[in-house]
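A.B. asks: Here it is, the structure in full.
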Amino acid sequence: MLSRIKQLLLLTEDDLGSTSVNHLQQSTLRIILSSGLLLVLSIAVHSSWQAYQANAWYIIGITSGFYLTLLLALYFSAKSLALSKILLLFTVFGAGLCMLLFIDNFELSKLGVIFVYTAPVIAMLFFSRTMTIIVMLLNIIPYLFLMFGSGPISLFNISITLPSTPAYLHSLLFLFFNLCIPLAVMRVISTLKRNAVALQQQNAVISQSNTLYQDIFNHHSKATLLLSSDGEILKANGKAQTLLGLAEAEHLNINTLLDTASSQNRFWLGHEIECLLAANTTTHILLNHLCRTQQQHHLVQLDDITPLKQLHQKLTSSKQKHSLWRNYDPLTSLPEHSFFLQLIKQYGECKTGSLMIIVRLCHIKAFNHAHSYHAGDELLAVFAREFRDALPDNVLSARLRGVKFILWSPLPEHSTSFSEAAYDIQRLLPKALQLSSGNLQPVYELGVSISSHPTPSPELMLEQCEAALESADAYTRPLAFYQADILDIRNLQLRLLADFKKALVCDAPQLWLQPKVQPDGTIVSFEALLRWQSPDGNYVAPDTLVALAEQYGFIVQLSLCVLSKALGIIDQFRQHNIAYPIAINLTGSDLLSDEFYNALIDIATHQPHMLQMLSLELTENSVIRHQQPLFNKLLVLARLGYEIALDDFGTGQASLSTLSQLPVSSIKLDKTFLQNIPENQRQTQLVQSVMQMAKTLKLGLILEGVETDIQRRFLHSLGAQLMQGYYFSKPKPVAHWLTQLGQHHANAMPQLVTE
């Protein structure tokens with residue numbers, strides 16, 4: 001019954017959520033008419049009975065006429081809303097005039113005028129502002145009558161006064177003013193409130209989306225402009241401002257900044273349009289129109305093709321130059337590596353032997369993200385110039401690929417040590433580079449191969465350099481020499497790499513879960529740890545897999561796999577009514593990838609409920625290695641609602657100032673700090689200091705590596721709230737936890753874990 005009433009009055013959830021004005025007016029009209037018909041029914045029946053007893057048939061006719069008009073208005077509310085509204089307004093004026101004209105008691109007839117005063121409210125709800133004003137002006141007439149009238153009008157000597165007329169009139173006014181109109185206004189206000197809440201939510205979504213799109217726009221790897229329909233620059237990301245040579249490009253017109261051979265004024269709507277920078281005509285720019293937005297704005301991408309143009313001009317100047325430049329890197333003007341190998345072969349015999357060194361510039365990807373790829377090219381060019389100028393004349397140098405440079409040198413006759421010669425070359429590397437973005441102190445890794453053969457094989461030495469470089473570390477071992485077993489280790493790694501890549505394609509790697517617990521063993525959350533069983537049946541250490549992925553450039557693919565599996569585990573938990581957050585480990589370099597970063601943004605945008613169940617962990621070293629570009633992305637992710645933890649705290653070189661800047665909510669103290677607790681007093685004091693620091697910075701603290709009950713009880717006595725370690729549980733497959741937690745859930749037991 002109640003559902004039918006809601007359907008009649010248009011008060012269902014779908015009706016209340018409708019944004020249609022006609023729908024709202026129809027519902028409000030039905031509320032007034034239905035409540036009026038029901039509430040006035042007893043008055044109509046009783047007055048008709050008294051009129052029948054007094055043989056006043058015309059009263060029955062007038063009452064029935066008004067009641068029938070209200071019924072018609074209700075009927076037409078579904079077929080002709082305009083007619084229904086007019087009938088209601090007519091009924092209000094008609095009823096008021098009947099009371100004024102045909103009640104012979106002047107005090108009672110005044111009540112009819114008061115009834116007409118509701119007409120502006122009716123007009124405001126259902127008609128235009130003009131109609132409402134007209135009705136308000138018409139009400140001046142009954143107002144003047146009340147002010148200056150001295151007696152009843154008694155038109156045509158007809159009287160509709162009955163013994164109970166005072167009760168009828170007061171009841172009618174009470175019901176109309178106290179019930180019908182308030183119910184209608186409540187319906188309107190309720191809709192307005194709903195719409196206001198919906199609008200507020202929509203604004204929040206739009207604001208969040210705007211923040212996301214602003215971040216994506218600003219961090220786009222290409223110079224990008226947002227233009228109005230007449231070419232005015234509405235927004236320019238940092239790379240575009242750098243390319244155009246402007247600190248502030250907004251509100252300038254692209255037609256004044258770029259020159260083109262095109263005769264069209266709106267040349268920027270085309271594709272592959274070659275332009276010149278008006279402020280510097282030696283700068284060549286390739287313009288591409290990407291798309292048109294819903295606001296009729298235009299997204300345009302700019303690429304600096306000046307180096308290509310210059311190279312093209314040089315290469316086309318003569319056949320001789322074409323042959324020459326084909327063997328040189330256009331950015332650094334150094335020989336490319338195949339030509340470099342030919343030069344070594346042409347050198348002749350080296351009686352004292354020779355050495356080859358690969359020099360790798362570190363953290364260039366982070367530098368590109370922080371500044372631009374154009375700035376990264378400048379860095380490589382400046383380094384190559386200073387690198388070449390610092391080397392002796394008999395040293396051959398080349399650009400191998402990417403951020404790797406290579407050199408070969410015969411061993412000087414007066415030299416007594418191959419290794420000393422390598423260190424001499426290392427000392428010649430530039431200590432600082434002066435760039436347009438400021439001074440930079442480069443970090444290097446070097447792989448060295450030494451040959452005592454008079455006619456060495458350049459290809460073999462190059463392979464040995466590559467193998468040695470893989471064992472170099474910029475901070476602990478920046479220069480690494482090739483050793484015979486290195487190549488064997490590298491070959492093993494390559495076989496492992498091939499197997500692991502196949503496993504990734506087949507979705508074979510798994511995530512095992514290790515709980516983070518309170519001191520009494522109650523599970524708070526889980527950390528997802530990578531597990532993969534190689535074809536020989538052994539599980540490969542996660543650190544080895546991650547190192548391979550970073551070294552050979554598929555860390556993003558691996559991190560996307562981990563993210564997908566973590567989301568799948570969360571869904572599995574939800575289906576079993578298990579709700580524990582899952583933390584995944586990131587390397588930092590994966591976050592610098594737009595593909596993985598955008599995947600996290602997509603989750604926050606389209607699956608915001610996942611933010612309560614998914615957290616991110618980064619090692620201290622990864623944060624230090626990537627610095628500001630990573631900081632910026634972490635800040636965005638934190639604003640979106642991701643919980644971020646700093647893993648392996650204490651093993652890196654993060655300062656307290658760095659820690660205070662990071663948007664992390666918790667830190668995980670590395671297990672090495674707990675190995676000798678409580679016996680080692682210095683370690684105990686160190687742990688207490690970290691606990692106090694975390695408390696001061698208002699950060700959560702998880703102690704990793706708890707392996708004994710003595711450690712658990714001792715750390716609990718110090719005030720530790722969260723722990724993780726083999727004492728509680730080793731990492732175990734998801735199926736194990738689904739079974740154990742499902743049983744605990746069914747028995748309504750606390751989630752306690754002990755190994």
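From the backbone N, Cα and C atoms, a Cβ is placed for every residue, glycine too.
Just so it is clear, the model here is predicted, and its values are computed rather than measured.
Annotations for this protein, taken from TrEMBL, read as follows:
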- 209-280: domain 'PAS' (DOMAIN)
- 352-484: domain 'GGDEF' (DOMAIN)
- 493-745: domain 'EAL' (DOMAIN)
- 31-49: transmembrane segment (TRANSMEM)
- 55-74: transmembrane segment (TRANSMEM)
- 86-103: transmembrane segment (TRANSMEM)
- 109-127: transmembrane segment (TRANSMEM)
- 134-155: transmembrane segment (TRANSMEM)
- 167-185: transmembrane segment (TRANSMEM)
A.B. asks: Should anything in the same chain at least six residues away from the transmembrane segment (55-74) have a Cβ under 8 Å from its Cβ atoms, list it; otherwise answer none.
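C.D. replies: Here the qualifying positions are 29-30, 33-34, 36-37, 40, 44, 47-48, 83-84, 87-88, 90-91, 94-95, 98, 102, 158, 160, 162.
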A.B. asks: Short question: which residues 6 or more past the ends of the transmembrane segment (31-49) have a Cβ under 8 Å from it?
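C.D. replies: Tertiary neighbours of the transmembrane segment (31-49) are 8-9, 59-60, 63-64, 67, 70-71, 73-74, 77, 84, 88, 122, 162, 164-165, 168, 171-172, 175-176, 179-181, 183-184, 187.
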A.B. asks: Mind checking how the domain 'PAS' (209-280) divides into helix, strand and coil residues in DSSP?
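C.D. replies: Split by secondary structure, the domain 'PAS' (209-280) comes out as 24 helix, 20 strand, 28 coil.
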A.B. asks: Suppose you look only at the domain 'EAL' (493-745); what would the mean pLDDT be?
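C.D. replies: On average, pLDDT over the domain 'EAL' (493-745) sits at 87.
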